[in-house]
Amino acid sequence: MSAIILFLAVIAIIAGWWLSQQRLTAKPWLEEGPVGDFPGSDAMTWPAAKIGLGVFLAVASCLFVLFISAYSMRMNVVDWRALPVPRLLWLNTGVLVLSSVALQWSYVAARRDDAEGVMIGLLAGGASAVIFLAGQLLAWQQLNAAGYFVASNPANSFFYLLTAVHGLHLTGGLVALGRTSAKVWRSSKIADVRLSVELCAIYWHFLLLVWLVLLGLLTGWTDDFVNICRQLLS
Amino acid sequence: MVDIPYDRIADIPPAEVPDVELYHPRSWWTRYVFSQDAKVIAVQYALTASAIGLVALVLSWLMRLQLGFPGTFSFIDANQYLQFITMHGMIMVIYLLTALFLGGFGNYLIPLMVGARDMVFPYVNMLSYWVYLLAVLVLASTFFVPGGPTGAGWTLYPPQAILSGTPGQDWGIILMMSSLILFIIGFTMGGLNYVVTVLQARTRGMTLMRLPLTVWGIFTATVMALLAFPALFVASVMLLLDRLLGTSFFMPSLVEMGTLSKYGGGSPLLFQHLFWFFGHPEVYIVALPAFGIVSDLISTHARKNIFGYRMMVWAIVAIGALSFIVWAHHMYVSGMFPQFGYFFATTTLIIAIPTAIKVYNWVLTLWRGDIHLRVPMLFALGFIITFVNGGLTGLFLGNVVVDVPLSDTMFVVAHFHMVMGVAPIMVVLGAIYHWYPKVTGRMLNDALGKFHFWVTFLGAYLIFFPMHYLGLLGVPRRYFELGDAAFIPPSAHSLNAFISVVALTVGFSQMVFLFNLAWSLFKGEASGGNPWRATTLEWQTPETPPGHGNWGKELPVVYRWAYDYSVPGAEQDFIPQNQPPAATRVVQGAAS
């Protein structure tokens, strides 16, 4: 459970920093009058959707870190047999990176009011995300064909589970991306959709980051790092 | 008296947060059924949670019939008894209390108390309710599937939860896990709303330190729930895969019904860690909203500002943070490394400090207050006493050496029912008596309310105090019948019968409350906008019940904290949060 404790420590630091900006030491019973008299603790001025996405990313990270915690506890049991990671995953990773880059492109275009660039970026991002998902399914098929079934070893089970959870998050993102594309299609003013494009890009970067961490875990790259952390903690 | 004009009122800074474009319902269906208005969603949440809660109440009667009069009721067998226990616990903790505090009170009170027109994502908020309803229906459907609901106990520990021999192994456990997964998805949608609304949609002047403690409690509990429920999600998904696909996340190799099972190598302890990583914060997810609400009830009905507001806020935040590092105190008997036990015992006992601060502050708020013993206040006082009682036995169980012999006895049952059963329910009931006039525009009947309070309060003590004693004798929990064990004297059996009679009486007295709710809706005395003469914004709405968009044309502007009761020299014994200072500066000017 050390991974989730570390994660919560990071959340606690962020929350603590934010709370420290909120004048929690104020004596509200003495502070009567309009808000302008007591600066520093107004409501946030970011758009609600952006704060909402931030909170959602914290929840989703928590979910993935908990899976990672379970993974690292379960892998210590003797029956664990790491499975060979299909080469296809590297290609998939490249496609996901492209997807993220395309959405960043779209966001930059939205800031320049370049409607065509926004649409191209969104479509390229969406298409490459679909290719990534298809590639993941293909990787499952390859593993299955090679006899690495979901229940034959906990390492296999975790492989299928983690890739599935990541894929489902990406599928949810595709729904949002589809809605954003439809909005861009209908709307004449890019300013109206700039926020939606930005949020899609942020979510894609987040999922890319999660995928890289999962890939490190599944390929065993991070084993040394995990061991060092474990020694430090014990 | 000299009237000193307060000219800065003219310089109210412009609203930084633009007024939101409201969704306007166009038909009866979108107004009352598929509604995006937080107030309607709140009532939907509350009604659904209460309905499934009544099912859990009936299950507790059935359990008490069996425990009090073993062998008398042939329609209850051992398997059913385990199913009743499981469903009672799960429904009460998650589908009733969590949903009612956050989905019910959270939805109704957050937008009104922070001065917003609605939640920030109304559509997602509506989806949240419908996914919750689906979760409840899936859960309820387990009563009708072959094999019935799961009987694994509300903690659903593997390996027994998914092995043959445990009731509900066919469908019950699968549907239970599916229902939990749905509940968590639905809650996350709602939770995002509650958090972002508090962060972003507060009206002008509503700083964090002017928030009523109710909002602080619900806000902190929601943040905790958003971080804790994923652990239950992970545990549920993995247990579901163990059951459906035959994976071995949690399942060790074992012999099932005489044959070696297909499982091997899994770690049941891993499930316990994940479950309690959710399970302990869950206690405070239920308790923190109760803490917040009870602070507001006490302050309003004692006509006195809350004592130590800042400390109350800090304590809420501290309890929320600490509750994430105590989970393994539920696992002292799981065979974990003993030094871990002492670490978790220490953190557990440290939580007693901010909790005790809160109790002292409630008592000091009452001290020399102008106490009105109305029904909400009675329930609030009942809560404080019950919570202290339950908290004290928590100190017993938090210590490893005391916990080990008491583990799995009725003492534990009595403890958690006092601290997170009766105590939060007291607050729920008090809060309903308090806010019913705002929701419906009518008062609940006072005489029926007092009868309801005294039967519930005294009854709860007659039920759960003797149960501590049974636990100290060593009477185990979760047993269908006790048999002729030498260490259980005959008096324990008569005590069990006594508890059962009282439990049935208290249970039926809740029908008086339900009648009161229904009767007052039509025949209750009209309440007016602010019957308790309270300061917080929800009582200052232009209409009662508040209309769509809550505030008419203009959002309220907040000038003060939420607890200006009995301010010396003020015209009335309360000053609403949105009342400008000029009206109160009269006397202050004269004094200077």
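The first residue you see is number 1, and the count goes up from there.
Using the three backbone atoms N, Cα and C, a Cβ is placed for every residue, glycine included.
Annotation comment: TrEMBL describes B:23-559 as domain 'Cytochrome oxidase subunit I profile'. Residues or ranges marked as transmembrane segment in TrEMBL: B:40-62, B:82-110, B:130-151, B:171-192, B:213-241, B:274-295, B:307-328, B:340-363, B:375-398, B:410-433, B:453-475, B:495-519.
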Give residue numbers and ranges for long-range contacts of the transmembrane segment (B:495-519): same chain, 6 or more residues beyond its ends, CB-CB under 8 A.
57, 60-61, 64-65, 67-69, 429, 432, 436, 444-445, 448-449, 451-452, 455-456, 459-460, 462-463, 466-467, 469-470
List, by number or range, the same-chain residues at least 6 past the transmembrane segment (B:82-110) whose CB is under 8 A from its CB atoms?
38-39, 41-43, 45-46, 48-50, 52-53, 55-56, 59-60, 62-63, 76, 116, 119, 125, 128-129, 132, 135-136, 139, 142-143, 148-154, 156, 166-168, 172, 176, 180, 183, 187, 190-191, 194, 197-198, 214-215, 218-219, 221-222, 225, 282, 285-286, 289-290, 293, 420-421, 424-425, 428, 431, 435, 439, 478, 480, 538
Stretch contact, the transmembrane segment (B:274-295) with the transmembrane segment (B:340-363), Cβ-Cβ under 8 Å, 3+ pairs:
yes
Are the transmembrane segment (B:375-398) and the transmembrane segment (B:171-192) near each other by the rule of at least 3 C-beta pairs under 8 angstroms (pairs 6 or more apart)?
no
Mean pLDDT across the domain 'Cytochrome oxidase subunit I profile' (B:23-559), rounded to an integer, is what?
94
